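Scroll down for the structure; my scribbles are underneath it.
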Amino acid sequence: LVLELNQVIIPTYGTVPDQQNLHTPEWADFDDKPDSLFFSDGQRRIDFVLVYEDESKKMTHKRSDRKKQKRKRQVYESNLINNGLQLEATRSVLDEKLIFVKVHAPWEVLCTYAEVMHIKLPLQPNDLKTRDSAFNWFSSLFSVDENIIKPEQEFFTAPFQKEHLSNFYIQDKDTFFNPATRSRIVHFILSRVEYATKNNVKKFGINKLLDAGIYKAAFPLHDSGFRHLSTDPDCPSERYLLYREWAHPKNIFKLQPLDFIRRYYGEKIGIYFAWLGFYTNMLIVAAVVGVGCFLYGCLTKDNCTWSQEVCDPNIGGNIIMCPQCDKVCTYWNLTITCESSKKLCIFDSFGTLVFAVFMGIWVTLFLEFWKRRQAELEYEWDTVEYLEQEEQVRPEYEARCTHVVMNEITQQEEHVPYTTCGKCIRMTFCTSAVFFWILLIIASVIGVIVYRLSVFLVFSATLSQHISGTEAIRKYLTPQTATSVTASLISFIVIMVLNVIYEKVAILITDFELPRTQTDYENSLTTKMFLFQFVNYYSSCFYIAFFKGKFVGHPGNPVYWLGKYRNEECDPGGCLLELTTQLAIIVGGKAIWNNIQEVLLPWVKNIIGRYCAAARSEKVVPRWEQDYHLQPIGKLGLFYEYLEMVIQFGFVTLFVASFPLAPLLALINNMLEIRLDAWKLTTQFRRMVPQKAQDIGAWQPIMQGIAILAVVTNAMIIAFTSDMIPRLVYYWSFSVPPYGSHSSHTMKGYINSTLSVFNISDFRNASKPFSPWFGNQTTCRQVYRDLRYPPGHQHQYEHNIYYWHVIAAKLAFIIVMEHVIYFVKFIISYTIPDVSQKTKSKVKREKYLTQKLLHENDLKVVKKTMGKIANKIIKGVDSTFRPKAE
């Protein structure tokens, strides 16, 4: 039994029977070269760094636990060496408890795993001629200086094969695999090497060792500091150049060096910044049109007849409004809403309709042109066939492959982690968990609604409204405004709290689901998180836009929530201004919160860490130790950056009819976001493991879904939330005979004709106000435009003909607007191909030349080999027929 416990199973390399047979890293002291990227011999490049705390100096664990951890680490490092990696250990300069294990992959290891991972590598320089665009002179004004960051040489590439080594463009073995590729290969090995076997279950991978605390960190090195060039003359100092020409705030109006970003950080980081830059550039057009519509609203607000009537003391001043809640609310004067009606004229104008239609078309153009740009990047960055060729199965998936099934394509047996029935059970459980959390959010939204309904009573009693009130503050601090702002703040806090909890739940659910590849894992997690975030962020906006003030009854017969809380009503001008307020609070609050969380916190942590380190020592610190004290990238990587931008994309498109300045604010935010994200990556975080990515993953279909939904939401906002359709119906039909009394089409009399009359004697005892009635009038007006017959009519308090005209016009408007925009979207999608003809030709040309090159090289080898054989045969024949020497 003791023998079995001491034996460690190492795949392919047999067993290690005891401690003495374990391979250990070389030990070396720091050579006082702070920017060195090599082992102590100055020859072998450091491709990865592992950090652990010396078990003999740990004081936080039991002795037996420390021995187990040490054993696992030693076995893991021994297996790394058995897999061909070379390790060198160096003790920390600042903290003697820390030990840094530097990892180097020799040429043979790189070649072997490059073939396993199907990594594409250069065959020969690309000789395809590129045509200069007519806009190159303009873009060059904003481009990075090519003398500082030189353009990357383009190559024809092919998946690496050791047997065809001579076919590849190898000028120097040390530079053939660039640092990003070397780190990818080493991380691939680190993720799959075992460290223990328990109950016939293999335990392996650096991620589990990090989670268990056996290692404290694992990361590739930055190549230099970001403030100064490397002291090593052979180092390109790419990090310094990235900070200077990309991340520095002075470059806010410059184009991004995408090829350079991709070379240093990998395709996954590169495609994110390419998408974010493209989205920001497209926002320029939307922002210009949005500002134009906003200015149109500002210029025409003085001609807003219905607002003038609200503010006119002879019209609005004589209109007494009914209380907005039961008992404690009082009667009030319509002129109180004068200021809000003026603001509403800016947003609720004809320009809003034009902008909503434009944004429906703009979002389609953005998505279609992004597909073309993405296809160009796939060609330039060699990811066209990435998913089919290069992407590997996740180690966590491989570890669970215990069931054998028949592959339908190859007709061979393969191992999978679960049966069909097991997969169905997992999917059912995961789907149920996601829906449970979505229902939890909906419950929180209902809670906020109940808060709005109940607190409105308090504000109505506290912020007393009197018809004769003249205080300036009452113009702005109305019960509706106070309720809306406080509810928005509470909603924002609930959103942020649920975000933190659900992130952990979503990761647990996705881990249990066990996706096969990393792309599948990220897409699954993205879908779950976005469904949650969609409900979390947008639910309150949907409530205000489409439900608030729509089902309230009338003063004599109000509708109650849960039989207790009276439904809240909109202002006389509708809920559009409140929706704008809600959007401003959520979008602004989210931007501030994200910047604090993503930028300020890492900066403060790094400052504290540097201060503590400086207080302990003034010694020269090596590059690996400097990087260790930077902040680690989270497990979700760029997920929250994508999520932040896609949520913003939703606000810009779904509710743009209520706030035409949203694209301008998004543009300003994104210009800062690009540089903040770049600054954060280059200065505050350790270097990420470079990863391949073909596209932006599940975010693409999510944005397409938002684009389709945006047409419906904006049409419904204009129809049901704004007051545009009732005004148009009044202007064209009810201002002139037979329904109106004016001789020509006009907006005069609109306010008086749309606020329904209610007899105060018809109040129920449960809702009759405590406050006394002022004057001799016996009626009041409904707050909202419910368009009902007046008291005394044979159909009193029932909807009148104006109401049904308005409903018909609203439905007709939604149908017409949707169909027109969807038709234009279809035409645009059909006429703009996803891949440009130029890119298609390049891909075909590269495939042709690559195949031709490989074929010609193989043919040369065959001819050379056959020539040698032929020469041997000829020599053999000659010797056979040559006469023997006498």
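Note: Cβ is positioned from N, Cα and C throughout, glycine not excepted.
What you see is a predicted model, and the numbers here were worked out from it, not measured in a lab.
What TrEMBL says about this one:
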DOMAIN    38-258  domain 'Anoctamin dimerisation'
DOMAIN    261-846  domain 'Anoctamin transmembrane'
TRANSMEM  272-297  transmembrane segment
TRANSMEM  350-370  transmembrane segment
TRANSMEM  434-461  transmembrane segment
TRANSMEM  481-502  transmembrane segment
TRANSMEM  529-547  transmembrane segment
TRANSMEM  645-668  transmembrane segment
TRANSMEM  696-720  transmembrane segment
TRANSMEM  801-824  transmembrane segment
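Taking pairs at least six residues apart, the transmembrane segment (645-668) and the transmembrane segment (481-502) share fewer than three Cβ pairs below 8 Å and do not count as touching. Listed as Cβ neighbours of the transmembrane segment (529-547) (distance under 8 Å, sequence separation of 6 or more from its ends, same chain) are residues 434, 437-438, 441-442, 445, 448-449, 487-488, 491, 495, 498-499, 502-503, 506, 575, 578-579, 582-583, 586, 590, 639, 643, 646-647, 650-651, 654-655, 658, 698, 702, 713, 716-717, 720-721.
Among residues of the same chain six or more beyond the transmembrane segment (481-502), those with a C-beta under 8 A of the stretch's C-beta atoms are 437, 440-441, 444-445, 448, 451-452, 455-456, 459, 463, 529, 532-533, 536-537, 540, 568, 578, 581-582, 585-586, 589-590, 593. Looking only at the domain 'Anoctamin dimerisation' (38-258), the predicted model's pLDDT averages out at 86. Under 8 Å from some Cβ of the transmembrane segment (696-720) lie the Cβ atoms of residues 271-272, 275, 352-353, 356, 359-360, 363-364, 367, 374, 519, 522-523, 526-527, 530, 545-546, 550, 576, 579, 642, 646, 649-650, 653-658, 810-811, 813-814, 817-818, 821-822, 825, all in the same chain and six or more residues away from its ends.
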